[in-house]
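Annotated in TrEMBL:
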- 16-67: domain 'Amino acid transporter transmembrane' (DOMAIN)
- 100-470: domain 'Amino acid transporter transmembrane' (DOMAIN)
- 12-34: transmembrane segment (TRANSMEM)
- 40-57: transmembrane segment (TRANSMEM)
- 112-139: transmembrane segment (TRANSMEM)
- 179-197: transmembrane segment (TRANSMEM)
- 204-225: transmembrane segment (TRANSMEM)
- 237-264: transmembrane segment (TRANSMEM)
- 276-294: transmembrane segment (TRANSMEM)
- 314-334: transmembrane segment (TRANSMEM)
- 408-428: transmembrane segment (TRANSMEM)
- 448-470: transmembrane segment (TRANSMEM)
């Protein structure tokens with residue numbers, strides 16, 4: 001009895017940590033600026049709304065997953081009826097269902113529910129999100145190193161004014177900006193080495209380090225800004241920039257691309273998925289709101305896009321900067337690898353989309369990973385050096401974009417949220433469920449909620465992308 005309890009406890013801790021690991025990312029670091037864009041009271045409402053929407057969408061995605069599996073098995077069973085005995089068919093269906101429950105991807109669910117085009121659009125949204133997050137890790141490393149080396153510059157390029165300035169508020173010399181560019185590019189050789197690895201499923205220690213580093217940053221930063229301060233000029237509501245702030249908050253809750261993996265990894269514990277998801281999201285939302293609220297209260301309308309750039313030199317400041325650099329180095333490969341593999345397959349693939357099959361190596365599924373067309377095979381005749389050149393080139397494109405957007409950390413997060421986060425959170429889960437589940441099997445209330453979610457997602461995507469581009473252009477023109 002004691003051994004069984006210990007085993008269940010270890011499984012529970014491992015599952016909860018997997019949820020936290022998947023949820024924690026670079027988007028949380030920009031929450032103070034997002035709170036400034038929306039106002040502190042509206043920010044609390046929006047974060048609560050996003051938390052509820054994330055839990056709801058996750059549960060609907062898992063429901064859609066099993067509806068898709070039922071449909072696949074029914075079709076397969078019909079084809080087998082004339083060729084095999086009843087017992088053999090049942091055995092095959094059982095194995096097929098078990099395999100699909102572990103390996104079916106969101107892309108395959110989307111294609112089955114809405115067709116190839118819709119599935120491709122969903123994949124594009126996820127890839128844009130992952131690529132943008134990887135670029136922001138570049139920016140995060142450069143700015144953290146800059147502040148660590150030059151603590152006298154209270155607001156580096158990610159300041160609210162989006163240009164470099166020294167402690168007196170005067171625009172810095174071009175040499176400071178050149179140094180920032182250099183610092184952003186420092187991890188590039190390491191990132192290029194990461195690009196040459198084709199599997200990160202066994203590198204769970206990498207995402208563990210990232211999670212711990214970001215949580216440490218959030219906690220220590222919240223404590224740091226809470227010590228001996230007087231509230232700045234703060235507002236409960238800021239309507240003019242609230243959409244941009246909302247889009248930025250969406251990026252902090254990017255868990256849906258890996259939610260199918262998370263549920264599959266809970267072997268023997270699937271019934272706790274809903275409870276764990278709600279608990280972890282609630283904890284994370286509370287932590288990020290406290291972090292964002294205290295940062296906004298401390299600096300008011302002068303809150304920078306990264307509040308660590310305003311910390312005075314000291315032990316806590318050094319810990320925070322070092323933690324952010326560790327997170328940037330450890331986390332980069334996870335979002336970037338699916339993007340690189342997608343481009344590689346797009347150029348060299350020989351298999352047709354209809355030849356996609358779930359992977360059979362159940363033991364290799366150890367790391368949350370976005371299931372895209374990475375399962376499409378590349379012909380063995382393609383030289384490895386050609387594939388490596390493509391991988392390095394994609395990494396270089398990300399580095400160039402990071403240099404160009406080194407002043408736009410928060411606005412890049414907002415763009416990711418508008419183009420990727422909103423469709424993935426509000427449109428895809430509800431639309432999949434409405435396509436896979438018959439109207440008679442849905443209550444009127446459930447149908448209305450899902451339909452409203454789709455409409456809201458479409459509107460917010462269009463409006464969000466438009467407003468983010470306009471506001472980003474205005475910030476760039478101020479330079």
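Cβ coordinates are placed from backbone N, Cα and C, and glycine is handled just like the others.
Between the transmembrane segment (179-197) and the transmembrane segment (276-294), fewer than three CB pairs separated by 6 or more residues in sequence fall under 8 Å, so the two stretches do not touch.
Below 8 A, the CB atoms of the transmembrane segment (314-334) and the transmembrane segment (237-264) form no more than two pairs separated by six or more positions in the chain, fewer than 3 in all. Counting only same-chain residues 6+ beyond the ends of the transmembrane segment (237-264), those with a CB under 8 A from a CB of the stretch are 18-19, 22-23, 25-28, 30-31, 33-39, 41-43, 46-47, 50-51, 54, 57-58, 61-62, 65, 101-106, 109, 126, 129-130, 132-133, 270, 273, 277, 281, 284-285, 288, 365, 368-371, 410-411, 413-418, 420-422, 424-425, 428-429, 460, 463-464, 467-468, 471. Proximity of distant same-chain residues to the transmembrane segment (40-57), defined by a Cβ-Cβ separation under 8 Å and at least 6 residues beyond the stretch ends, is recorded for 34, 234-238, 242, 245-246, 249-250, 252-253, 255-256, 274, 277-278, 281-282, 285, 288-289, 292-293, 296-297, 425-426, 428-430, 453.
In terms of C-beta pairs under 8 Å, the stretch of 112-139, 204-225, 276-294, 408-428 lying closest in packing to the transmembrane segment (448-470) is 408-428. When Cβ-Cβ distances under 8 Å to the transmembrane segment (408-428) are tallied for each of 112-139, 204-225, 276-294, the top count falls to 112-139. Sorting the domain 'Amino acid transporter transmembrane' (16-67) by DSSP state (H, G, I as helix; E, B as strand; all else coil) yields 49 helix, 0 strand, 3 coil.
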